[in-house]
């Protein structure tokens, strides 16, 4: 009974009745009138249900704020890693610089590190990594999408076998064969790097698209989406985490493989490493190695950051 209905009840007993009912047989106090008992019970029920409802809402709100305010362990771990890795890189580069400041460098070492040779080698290494990864993306992602379509699913084992063969082949051997075929230069190094890094992106694209829930795809088709709309608005967004993981792996592979480009005339930090080995100059070798490691860690950190920022919010789950 609502409050307005309760207010409408008369103050006197209905029907002109007044007075109390007889006391019970046990000699207890007289009972309240029946109509007053009903009114009191109704008011108590209304107030009680209101209190329970409000407390339930409050507890729900408190629980929701507690759940919403607490970050998942996985996300906290990711952000801790994203914070600690730059600090480690700064410490690594600072320690290397301090070591070079105290080291006694001879004329051969100073000659190998002077004239902007270090910055040039680093820039060449970055160019090799970026260009090769770009070609990996424009080859592997469309090919992975194509292999998950009904017409081309039969070619999936063949394509993955070829990609596996490209990565299973030793990188230095593949580069040597490409140099024999294409000649010395950056082109041979880039083709070798693309062949070596295409597998992670291709396999992750295929796996991510195949892992999509068929009921979601059927629901998208049921509301009138075209095949291209289902692909661009449902399938690819759901596959983003796996695709980004493959891109991250390919980036790190390309940073490491680019050190071998020097054997084909492609430049890069491998020039410093081979110069340090050939001339038996440890500072040159250490600098080339440290810069390669730092670049690989930096690229991995940037890919991790992109993986966190580009991950669809609907896929964020607590670990």
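For all residues, glycine too, the Cβ spot is worked out from N, Cα and C.
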* Asked: TrEMBL tags one of 56-77, 188-209 as transmembrane segment - which one?
  -> 188-209
* To do: Tell me which range among 104-125, 126-147 TrEMBL lists as transmembrane segment.
  => 126-147
* Structure fact -> Note: vs the transmembrane segment (159-182), the recorded stretch with the largest number of Cβ pairs under 8 Å from 82-100, 188-209, 257-277 is 188-209
* Structure fact -> Outside the transmembrane segment (230-251), at least 6 residues beyond either end, the same-chain residues with a Cβ under 8 Å of its Cβ set are 129, 133, 136-137, 140-141, 145, 197-198, 200-205, 207-209, 211-213, 216-217, 220-221, 299-300, 303-304, 306-307, 310-312, 315
